[in-house]
């Protein structure tokens, strides 16, 4: 683990904002491929981006802080419901709805963080499930507000910046989501390499040692949870805006478990790992479900087993070690 | 990893490139639950459609009809909407059909007008769905449709004090409201109303509560599956049946695949429903024979196969009326007021609501030739969706 932390310390001679530029350009390039090569699949790709925010958010608490959680969909769902309810009640500007989602997600993140990070290990896991279930039960019970099991429908957001309408082909929704993803990703790249982010890694690697050098762990984890909540809230709000409905699935246990699988698949503790996991899992699922809508789940299970057996620390790990080997070779020469 | 990524990418490209439409093929996108706990009902969609195609061929005039299936998996509106968009944009389907869950139907509804696509709902049973778009027609049922006759029969059978126990989600709450309104309207009293969380498997405490309430009849609705069996078992084991408390339910609670598990003690349980597998008519016999020919086991047949079979009939009629052109208004007009004999009995599409009008049967569990069936005893003819229309 310590080796990775070192690679995240900025080099002296590096170009300022180099990593961020690379990150932004890579996502834009991937987005452009999606937009131009698969113009018929933008609805799916938009959904993928929405989930990617949730996986990134989970990465912040699980990958960077070592918090085990199976209730992370709560933040996503609260963001989605908040944005959806705001839209139904008259706020239709997509950017404002996004802000609503961020706000609700942050609050939810702080609350669950305050509860969950008090404990470690199994109690923590159990508590995270409890928080997730509590939110799910509330979403079902408060049907006058959330639509209950029928889902919250009738969300019709206005035009983006007053110009671009949300259309059936999801062009606007896709570009809007992609733009938000680029901004959030760049900010997160900075954030995880900030002293705060590095300290969270330190806490994850050895919390006793962190305590010994005078770090108070609990408030840091709560703040991190708040940030994660904001990121998940963005994902929720984007999903609500682009699909026009919010259902109980967005706060369900299955959603929480699924994103954990995606994160482990890509590699926890790396932002790129979170993205890669989401993209690979969802595209694979999409293709096999289209090819065989009756037995596709078996194939997804098979993929997961294969990856856990051959790349137990996520798909990003072998890529990173390859990259660092090249780097070392270059430095030696 | 690089190799892995390459092959996944290659797979991706391959997968995304297939599926272009040729001129005279009319595609119908069917969204259903084909995996997970509700897979049986999605499978029944396909069985019903296959039976229709086997009987009527895959051509309407000179247009070839092709059904494309997508898995909605569970109540997941965002996914269903993306699937519908994909069907419309990529597969260029002219009709959408299927849909098991209400939230999923509500998510798809806003796409219909922009894409000019009719949607035939083959299950999702919340009344309001048909109001979401003028291009929605429904061939299944609603909770109100099946529950109102149940309340009338309960009152006629001498029930005075009823305890209602329903699952705590949309259709359950619909059923509770429908029963309460009708039963109290007739002059009876509802002494207890319990909403049971969907994941409940131990119903003994609920039975105790019902016992304490002094009710003489229980009305219940739970979505078919493990909970319904548990509920009926608890009713029998806790001595309520022996104590003279009657059980009245919608047909979801005593589906045919569950009857062998309930066993002989279940004989006499009353339910109201729009379709029994044992419905005695030549149309149903032909339908079941066709299902069997298609390789289906008759123990798996549920109401969704009939809804899909009748839905396919409407789609064929729509294609015929529009001569294969995309004209949703004309297509929907062509099936409004359509009347035919379905395997479930005589049915028609209500022109005002675009929901199916049908007989609702009062059935009791009975043993015929050593097999438990839902025996139809009384018929409420030509029932509308009571929440939408008053006629």
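Each residue, glycine too, has its Cβ placed from N, Cα and C.
Residue ranges A:173-192, A:193-212 are listed, and TrEMBL annotates A:173-192 among them as transmembrane segment.
Range annotated as transmembrane segment by TrEMBL, chosen from A:97-116, A:117-136: A:97-116. The stretch that TrEMBL tags with transmembrane segment, taken from the ranges A:137-164, A:221-248, is A:221-248. Within the chain, the transmembrane segment (A:260-284) has long-range Cβ neighbours (under 8 A, six or more residues past its boundaries) at 4, 23, 27, 30, 44, 47-48, 51-52, 55-56, 58-59, 62-64, 69-70, 72, 185, 188-189, 192, 201, 300, 303-304, 307-308, 313-317, 320. Of the Cβ pairs linking the transmembrane segment (A:97-116) with the transmembrane segment (A:296-316) and spaced 6 or more residues apart, fewer than 3 are under 8 Å, so the two regions do not touch. Counting residues 6+ beyond its ends, the transmembrane segment (A:21-38) has Cβ neighbours under 8 Å at 15, 45, 171, 174-175, 178, 181-182, 185-186, 189, 271, 275, 279 in the same chain. Distant neighbours of the transmembrane segment (A:73-91): 53-54, 57, 97-98, 100-105, 107-109, 112, 131-132, 134-136, 139, 145-146, 152, 154-157, 228-229, 232-237, 239-241, 245-246, 250-253, 255-256, 259; these residues of the same chain sit at least 6 beyond its ends, with a Cβ under 8 Å from one of its Cβ atoms.
Sequence-distant neighbours of the transmembrane segment (A:221-248) (same chain, 6+ residues past either end, Cβ-Cβ under 8 Å): 46-47, 49-54, 56-58, 60-61, 64-65, 67, 72, 75-84, 87, 94, 97-98, 100-110, 112-114, 116-117, 136, 139-140, 146-149, 151-157, 166, 170, 173-174, 176-177, 180, 184, 188, 191, 196, 200, 203.
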